[in-house]
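Colleague: Submitted below is the structure of interest, expressed as structure tokens.
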Amino acid sequence: MFVDSVEIIIASGKGGPGMVSFRREKFVIKGGPDGGDGGDGGDVYFEVDNNTDTLASFRGTKHHKAKNGAPGGTRNCAGKKGEDKIIVVPPGTQVFADDKLWLDLITPKERVLALKGGKGGLGNAHFKSATKQQPTYAQKGLEGVEKCVRLELKLIADIGLVGFPNAGKSTLISTISNAKPKIANYEFTTLVPNLGVVSVDEKSGFLMADIPGIIEGASEGKGLGISFLKHIERTKVLAFVLDASRLDLGIKEQYQRLRLELEKFSPALANKPFGVLLNKCDVVENIDEMAKDFCAFLNLEVQKLEAFDLEPYLGFLHPHLTSDFENDPNEKSALFVLPLSAVSALNTHALKFVLLKALP
């Protein structure tokens with residue numbers, strides 16, 4: 001089950017009480033105080049685990065508390081520190097307290113202290129003085145800290161797929177990555193985001209994210225899109241997947257409406273580097289004319305695709321992709337316009353190299 005938002009209560013442990021005791025030895029009638037200090041309460045940590053990509057483990061477990069410190073002992077023995085509470089979360093988890101961002105947990109294996117445990121109380125040995133040789137007082141341990149927090153998951157991926165329902169995003173990610181999403185010939189097959197690892201060669205690869213299809217009004221809460229648009233906010237490059245075979249809505253209109261929804265949701269998201277994939281090109285007779293017209297619409301110089309062993313359709317590759325220059329993360333024009341077919345794997349192998357090269 002994919003869960004990307006939960007509310008939990010976290011609490012550090014209470015400090016253990018100090019001990020009231022006196023030294024008892026043979027031939028010593030009134031030994032001095034030897035009460036030990038209480039142990040500190042356990043701390044609460046968040047730890048990032050790369051082996052999970054959901055917050056589902058928190059369903060049904062609302063309270064997460066560290067252990068209390070142990071009481072001090074006799075003979076100046078300090079109590080044991082309370083056991084820490086380690087809360088494991090996937091990369092990309094944001095922790096909100098009082099509706100304000102408190103922690104942003106991104107790096108795998110990162111461990112961040114959230115709450116410090118209460119200090120253990122001092123034993124009566126600390127309170128001996130010239131006028132008080134037999135103190136019968138020891139401190140209580142300090143209380144721990146309790147906090148109600150909201151965990152929000154924003155998946156971390158290099159490439160984010162954006163498109164209308166049934167555009168072929170799930171088929172594409174299943175073709176070029178290790179992801180195995182549900183695929184069917186109807187809209188809204190994808191109900192949760194999918195992450196896939198794309199292996200380009202033995203040394204190179206990247207992460208791709210596919211979110212449920214966006215519909216008009218997604219930025220205002222319609223459909224499933226707004227719930228998951230946040231999962232592509234961290235991506236480095238967006239790939240608009242357009243259905244070239246669709247008769248009721250042309251590729252220019254698809255692109256314009258998708259971009260409008262992104263701009264409404266987040267201007268920063270809409271300004272990310274991007275490319276365009278003209279999917280289902282194998283069932284379109286005039287794909288070259290369609291690509292030529294679309295490139296003109298984006299003010300791009302159409303070209304015959306030859307690099308990366310692409311099929312020789314008309315399309316566009318930014319000069320950065322076919323040179324040794326590094327990509328500009330602030331590039332505003334499209335990085336690529338590629339006809340492909342996810343079903344027949346047409347240009348999908350070459351797409352891996354194009355996307356890898358497109359990453360800043």
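Placed from the backbone N, Cα and C atoms, the Cβ positions cover glycine too.
From Swiss-Prot, here are the annotated features:
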- 163-170, 188-192, 210-213, 279-282, 341-343: GTP binding site (BINDING)
- SER170, THR190: Mg(2+) binding site (BINDING)
- 1-156: domain 'Obg' (DOMAIN)
- 157-360: domain 'OBG-type G' (DOMAIN)
Colleague: Measuring Cα to Cα, tell me the gap between GLY163 (GTP binding site) and SER170 (Mg(2+) binding site) in whole angstrom.
Modeller: 10
Colleague: Report the mean pLDDT of the predicted model across the domain 'OBG-type G' (157-360), rounded to a whole number.
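Modeller: Mean model confidence (pLDDT) across the domain 'OBG-type G' (157-360) is 84.
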Colleague: If you skip the near sequence neighbours and keep only those at least six away, which residues in the chain come within under 8 angstroms of LYS280 (GTP binding site), Cβ to Cβ?
Modeller: GLY168, ASP243, ALA244, SER245, SER341, ALA342, VAL343
Colleague: When neighbour density is defined as the number of other C-beta atoms within 10 angstroms of a residue's C-beta, which of the binding-site residues ASN166, SER170, SER341 has the lowest density?
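Modeller: Lowest Cβ count within 10 Å among the binding-site residues (ASN166, SER170, SER341) is ASN166.
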Colleague: Please report the number of other Cβ atoms within 10 Å of the Cβ of GLY163 (GTP binding site).
Modeller: 24
Colleague: List nothing but the one residue from LYS169, PRO212 whose Cβ has the fewest other Cβ atoms within 10 Å; the candidates are the binding-site residues.
Modeller: PRO212
Colleague: Per DSSP, PRO212 (GTP binding site) is which: helix, strand or coil?
Modeller: coil
Colleague: Work out how many Å separate PRO212 (GTP binding site) and SER170 (Mg(2+) binding site) at their Cα atoms, rounded off.
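Modeller: Cα-Cα, rounded: 9 Å.
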